[in-house]
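*Asks:* Mind looking over this structure? Questions follow.
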Amino acid sequence: MDDKVKVRVGVLGANGKVGKAICEAVDAAADLELVASVDQGDDIAAFVNSGTEVVVDFTHPDVVMDNLKFLVENGIHAVVGTTGFDDARLATVTEWLDASQGTGVLIAPNFAIGAVLLMRFSEQAARFFDSVEVIELHHPNKADAPSGTAYRTAGLIAEARAKAGVGRSPDATTTELEGSRGADVDGVRVHSIRLAGLVAHQEVLLGTQGETLTIRHDSMDRTSFAPGVLLGVREISKRPGLTVGLDPLLDL
Ligand SMILES: NC(=O)C1=CN([C@@H]2O[C@H](COP(=O)(O)OP(=O)(O)OC[C@H]3O[C@@H](n4cnc5c(N)ncnc54)[C@H](OP(=O)(O)O)[C@@H]3O)[C@@H](O)[C@H]2O)C=CC1
Ligand SMILES: O=C(O)C1=N[C@H](C(=O)O)C[C@H](O)C1
């Protein structure tokens with residue numbers, strides 16, 4: 001393929017666990033060119049100097065907003081896997097994008113196709129069951145709890161149940177050791193496991209009279225995030241403004 005038509009891609013967090021997998025995937029893609037890799041201590045201006053068109057960010061919730069501000073101000077599209085986005089952060093990013101000239105930002109809590117489908121299936125199932133709880137299981141080096149995926153899943157479940165007029169899951173607990181019932185995310189209980197040997201896993205447990213349904217997804221390694229990220233890289237320039245989640249890019 002002619003070099004001129006390759007999308008010029010940069011990676012932020014390039015030495016990290018996911019960043020490394022993304023650099024390899026970009027290198028292996030005939031239509032993409034890795035033109036800048038930035039990690040802790042490097043100068044983010046490298047993206048401007050190298051003419052980067054799209055930056056992929058897998059860094060840390062504490063730094064991702066500064067990164068995004070810089071990218072939007074410089075008209076560079078962004079595909080963001082870093083977690084930590086609540087409604088307030090998303091609103092801030094939208095404000096920045098409103099003032100930009102057609103820059104696109106995709107923020108997705110999980111780029112693995114199976115995890116995207118898990119979120120969709122959970123949303124669809126949520127109104128049919130009295131009870132629903134989420135368990136997310138990750139490697140012990142993860143900084144945030146609950147995971148971005150669990151946070152988003154619980155939000156989607158809560159929204160679907162509210163729309164259908166389904167109340168909170170029944171729970172007679174009156175005495176508890178703090179934390180034993182997990183975190184309350186929009187009225188949905190979310191439990192976080194951190195265990196050596198794991199990568200990224202999630203279960204959504206639903207129950208009603210005489211039956212339960214368990215929906216589970218497992219990322220066995222970090223290459224699972226690459227196809228979704230590359231899809232975002234190829235599509236984001238056609239989607240000015242903020243896109244949340246991979247769903248619209250998959251026609252879901
Ligand atoms: N959406 C998705 O599909 C997925 C999202 N994630 C999320 O992505 C993020 C990263 O995960 P992971 O790769 O496991 O984490 P790692 O800690 O392995 O990698 C993060 C990398 O970013 C670097 N870094 C930190 N601050 C900066 C900065 N200001 N500029 C440039 N680089 C920086 C870190 O350097 P140092 O170590 O020196 O601080 C590190 O090399 C997390 O929020 C995680 O939850 C993870 C998997 C999938
Ligand atoms: O930190 C991780 O590893 C992951 N983070 C994302 C999250 O918080 O949901 C996505 C995936 O679960 C892996």
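Every residue number used here counts from 1 along the chain in the order it is shown.
The backbone N, Cα and C atoms fix where each Cβ goes, glycine too.
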*Asks:* Which one, D39, D62, D130, is listed by TrEMBL in the same NAD(+) site as G13, A14, N15, G16, K17, V18, G81, T82, T83, A108, P109, N110, F111?
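*Replies:* Between D39, D62, D130, TrEMBL records just one in the NAD(+) site with G13, A14, N15, G16, K17, V18, G81, T82, T83, A108, P109, N110, F111, namely D39.
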*Asks:* Among the recorded positions N15, K17, D39, K142, report those whose Cα falls within 10 Å of that of G148 ((S)-2,3,4,5-tetrahydrodipicolinate binding site); none is a fine answer.
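*Replies:* Of everything listed, nothing lies within 10 Å of G148 ((S)-2,3,4,5-tetrahydrodipicolinate binding site) (Cα to Cα).
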*Asks:* Quick one: DSSP breakdown of the domain 'Dihydrodipicolinate reductase C-terminal' (114-247) into helix, strand and coil?
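*Replies:* The domain 'Dihydrodipicolinate reductase C-terminal' (114-247) comes out at 49 helix, 40 strand, 45 coil.
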*Asks:* So around the (S)-2,3,4,5-tetrahydrodipicolinate site, H139, G148, T149 aside, which residues have their CB within 8 A of the centroid of those CB atoms?
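*Replies:* Along the chain, the qualifying residues are T83, P109, N110, E136, H138, K142, D144, S147, A150, A200, Q202.
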*Asks:* Fill in the CA-CA distance, G13 (NAD(+) binding site) to K142 (active site, proton donor), as an integer in Å.
*Replies:* 15
